[in-house]
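Features as listed in TrEMBL:
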ACT_SITE  Lys89  active site, proton donor/acceptor
BINDING   Gly190, Leu191, Gly192, Ser193, Val194, Gly195  NAD(+) binding site
Amino acid sequence: MDRLTTTAAGTLFGLHGEPAHERIVLATDAASGLQAIVAVYSTARGPAFGGCRFWQYASDHEAYNDALRLSQGMAFKNALADLPFGGGKAVILRRPEVLDRSALFKAFGRLVQSLAGIYITAEDVGTTADDMRAVQSETGYVSGIPRANDVYGGNPSPRTAYGVFVGLLAAVEAALGRKSLDGVSVAVQGLGSVGWDLCERLHQAGAQLIVSDIDAAKTARAQQLFNARVVGTTEITGVEADVFAPCALGGSITEAVAAQCRFKVVAGGANNQLISLAEGDVLHQRGIFYAPDFLVNAGGIISCVREYQGSGEELAVLAEVAQIGPRVFELAERVRATGIAPARAAVAWAREKMVAG
């Protein structure tokens, strides 16, 4: 690692007036082309656990802010899932000139190792199980490694999708009083690993699907297999549906979308769906129930944590992921009791757990 810069706790303020991140690490490695950001939001419950995102950002500033927001979300996610870990996230800037992917992720593994266990990494958007194997060659602070018996480990997306499905089902019952998804219209934004798996589950449950994705082949296949209605990527937030399930990148609930959307429930797999908590307030004022992403998409991190701990037997992991449903009901009850918007109520709940340790 040819350059490693660390900011101490308290020197950098978080988002929207939130407490500072405990540690921010900026690293470059000339030999591999690595340019990485590791953001540790909190270790109050244990070492920071969160995935590594590999993405081509419009600017370094955008990548930096993404790492900050994602690491904060991981702290909330791990707390609400009752996992004995804090929250962190890594972002590797994707550059077209980097040709040796294995060397890049080995360099990232050395970076993780240099942090001496305060951050544990895993797969995220843009990374693969092979990338995690490369990381593992340099450090043991990694999860998401496929196992020979294929019982657990590897790509956590199926467990993420299962958790989103369970959370969405609970949100529909809590907000709409419907115990079944039969005939419920769901607009799914993004047909990646999580979005596609979610669509399969929703279709099997009888939901009526509306889908969008930048890949026309995926939407055509969804139309064929799920009888889904296909709309453009800029149209999906404007359709009328019972449920909106954002499963692409974050930031889909803008100020305009929150004020104008025609949904009754929002529950999806994408991280950082709200631009800020203010959008969550607007949804609440309009009678739209928002099931926060860091509550419903925790299936993947639950899987990664149990794999890392050596206790990731598939049925046990799925049973733990299924507890997302009861947590959505508990959040709905907190909202009813306090009148606070679900997004703010979930943040407060997570902070309670973080303080308790």
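Glycine residues also receive a Cβ, built from the backbone N, Cα and C atoms like all the rest.
Model, not experiment: these values are computed from the prediction.
This view paints the features noted in TrEMBL onto the structure.
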{"residue": "Lys89", "record": "active site, proton donor/acceptor", "Cβ within 10 Å": "29"}
{"residue": "Gly190", "record": "NAD(+) binding site", "Cβ within 10 Å": "26"}
{"residue": "Leu191", "record": "NAD(+) binding site", "Cβ within 10 Å": "24"}
{"residue": "Gly192", "record": "NAD(+) binding site", "Cβ within 10 Å": "19"}
{"residue": "Ser193", "record": "NAD(+) binding site", "Cβ within 10 Å": "18"}
{"residue": "Val194", "record": "NAD(+) binding site", "Cβ within 10 Å": "30"}
{"residue": "Gly195", "record": "NAD(+) binding site", "Cβ within 10 Å": "27"}
Exercise for the section: May I have the list of same-chain residues other than Gly190, Leu191, Gly192, Ser193, Val194, Gly195 whose Cβ is within 8 Å of the Cβ centroid of the recorded NAD(+) site, in sequence order? Expected result: Ser157, Trp196, Asp197, Leu198, Asp213, Cys247, Ala248, Gly269
Exercise for the section: To the nearest whole angstrom, state the Cα distance for the pair Ser193 (NAD(+) binding site) and Lys89 (active site, proton donor/acceptor). Expected result: 20
Practice task
Take the C-alpha atoms of Gly190 (NAD(+) binding site) and Lys89 (active site, proton donor/acceptor) and report the distance between them in angstrom, rounded.
Solution key: 22
Problem - Between Gly195 (NAD(+) binding site) and the residue listed as 'active site, proton donor/acceptor', the C-alpha gap once rounded to whole angstrom - result: 22
Fill in the blank from the handout: DSSP, reduced to three states, assigns Lys89 (active site, proton donor/acceptor) to strand
Problem - Residue pair the residue listed as 'active site, proton donor/acceptor', Val194 (NAD(+) binding site) - Cα distance, angstrom, rounded - result: 19
